[in-house]
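Novice: I'd like to ask some things about the structure below.
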Amino acid sequence: MSILALVEDRPTPKEVYNWRIYLLAAVASFTSCMIGYDSAFIGTTLALSSFREEFGFNTMSKTAVNLVSANIVSCYQAGAFFGAFLAYPVGHFWGRKWGLLFSGAIFTLGAGLMLGADGDRGLGLLYGGRVLAGLGVGAGSNITPIYISEMAPPSIRGRLVGVYELGWQIGGLVGFWINYGVSETLAPSHKQWIIPFAVQLIPSGLLLIGAVFLKESPRWLFSRGRREDAIKNLCWIRQLPADHIYMIEEIGAVDQALEEQRATIGLGFWKPFKAAGTNKKVMYRLFLGSMLFFWQNGSGINAINYYSPTVFKSIGLQGANTSMFSTGIFGVVKTVVTFVWLLYLIDRLGRRLLLLIGAAGASVCLFIVGAYIKIADPASNPTQEMTGGGIAAMFFFYLYTVFYTPSWNGTPWVMNSEMFEPNMRSLAQACAAASNWFWNFLISRFTPQMFAKMEYGVWFFFASLMVLSIVFVFFLLPETKGIPLESMDALFESRPIWRAHETVLARLREDEERFRHDIEESGYSKTGDQQVEHLSEDLPKV
């Protein structure tokens, strides 16, 4: 079987897998480039001697430096938390396309404010700019996965939402290396540290330009009663005529889902809030989605992203440039493994198995790194060169990255984008994204203090949380791979959880055969002037 082979819930014409759907996902994913770049560059920028001298870090105590650094990093996450909720009314009333434009505009304004900061003006503009930039990326982290999942065919939904994660890693790769580049090529100066801040404007500018040409989400248009526009956009995205049997099936499924929502949750801005507070099924799924981000942040990945110099110093690396270079390698490993996840793992192995394998492997690696720090105590016994034990610890650190990246890095975003019915999706994604930024804020705010107080215990702490996440996934989280968005209710109601996927997929295949049989019995055999493709081959087994 080809590495790019797809698992389909029903026979899918090859026209559906066209360049348009990938282009739309790529343009929308400039939001994740913004997020990835910021999460990667800020830690090493704060470590640049030019930045520390201009803002007086060299005259502060270590405790004060840790506090100011944590405030600079974490005010961005605080803004993102509120931005995730702000995106709900924007996405509901304005649509997904205008929500993306809103996200890019707010981020660009914040990035511009940061460029006005200097030693004379102090850190005020930096704080304000990072809060605004956080609002922008918080909104983008809500809307982008929804936009992509609502357009994607089920068989490549994981891959397309994975483009969002790929954008995150590409932005991160640039962010991890840029400070190494400026530290090697430029003398310490205002210019040296301002360049990394200025680069933030590139992905936000590309988003603002590209989003103008995006097609609005057909599912959002259906929910707003704009049926003609919805069908027109869906036909453009699928490259199929409206009377093709595949389109009839998809439009019928959307109509049926909307009718069920009218009869249960109801359509409208406030209805999801009522359901979230009174419907136990919705509350349970919100709990699952939010907990996914608790476990993701509990892996320690954002402690590494934001404070990589501190992390590598705890292992025994000496010198700012050495830490920046090691951070760059960390970014390369994450990006390469993300490609493997995107092209092969997410829609072949599925979400659930990836999370289980990733948590098991990553926890072992973290325990080993923590044990090395406990035994060797590199902070108290510094050496000019890495010892054999230190090299082994670095190996297991990068191996941790290999386990974590194709599992917990992007998969929670994929699952949260597909777990909820259309009228709940915006609010649910807002809650999930806000949950991510809340845990992200706690990690970014307290990581310096944790390393100062706990030392090797930090590694054991994150490893233990990853072990606990295995129990959570196995007993509570069903596999969502290849399941249409309109069938998620049936998936989460099926028991036992570890067999829910195969149960629902078998039911969908039966419904598909019955639908096509009814179509043939009714005499429907043409689409326009062309014969309908009666795809009779069996669906792939999962």
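These residue numbers are counts, starting from 1, taken along the chain as shown.
Quick reminder: no glycine exception, Cβ is built from N, Cα and C everywhere.
The topological domain 'Cytoplasmic' annotation in Swiss-Prot covers 1-22, 88-97, 152-159, 215-285, 347-352, 409-456 and is backed by sequence analysis. Look at Swiss-Prot and you will find 23-43, 67-87, 98-118, 131-151, 160-180, 194-214, 286-306, 326-346, 353-373, 388-408, 457-477 tagged as transmembrane segment, backed by sequence analysis. According to Swiss-Prot, the topological domain 'Extracellular' annotation covers 44-66, 119-130, 181-193, 307-325, 374-387, 478-542, on the basis of sequence analysis. The region 'Disordered' annotation in Swiss-Prot covers 519-542. Annotated compositional bias 'Basic and acidic residues' per Swiss-Prot: 531-542, in sequence order.
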Novice: In the topological domain 'Cytoplasmic' (88-97), how many residues does DSSP call helix, how many strand, and how many coil?
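Specialist: Helix/strand/coil tally for the topological domain 'Cytoplasmic' (88-97): 9 helix, 0 strand, 1 coil.
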Novice: Cβ under 8 Å, sequence separation of at least 6 from the ends of the topological domain 'Extracellular' (119-130): give me the contacting residues as numbers and ranges.
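Specialist: Cβ under 8 Å, 6 or more out: 54-56, 68, 71-72, 75-76, 79, 110-113, 190.
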Novice: May I ask whether the transmembrane segment (160-180) has at least three C-beta pairs under 8 Å with the transmembrane segment (194-214), counting pairs 6 or more apart in sequence?
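Specialist: Judged by the Cβ rule, the two regions touch, with the required three close pairs present.
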Novice: Would you mind listing the long-range same-chain contacts of the topological domain 'Extracellular' (44-66), meaning Cβ under 8 Å and 6+ residues beyond its ends?
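Specialist: Counting only partners 6 or more residues beyond its ends, the topological domain 'Extracellular' (44-66) has Cβ contacts under 8 Å with 72-73, 118-119, 122-123, 176, 179-180, 182-183, 188-190, 192-193, 196-197, 308-309, 320, 323-324, 327, 448-449, 452.
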Novice: Pairs of Cβ atoms less than 8 Å apart decide it: which stretch in 23-43, 67-87, 326-346, 388-408, 457-477 has the most with the transmembrane segment (353-373)?
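Specialist: When the Cβ pairs under 8 Å are tallied, 388-408 comes out ahead.
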Novice: Please tell me whether the transmembrane segment (326-346) and the transmembrane segment (160-180) touch - that is, whether there are at least 3 C-beta pairs under 8 Å between them, with each pair 6 or more apart in sequence.
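Specialist: Yes; at least 3 Cβ pairs under 8 Å.
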Novice: Which sequence positions outside the topological domain 'Cytoplasmic' (88-97), separated from its termini by at least 6 residues, show Cβ-Cβ distances below 8 Å to it?
Specialist: 139, 142-143, 146-147, 150, 211, 214-217, 220-221, 224, 269, 426-427, 430
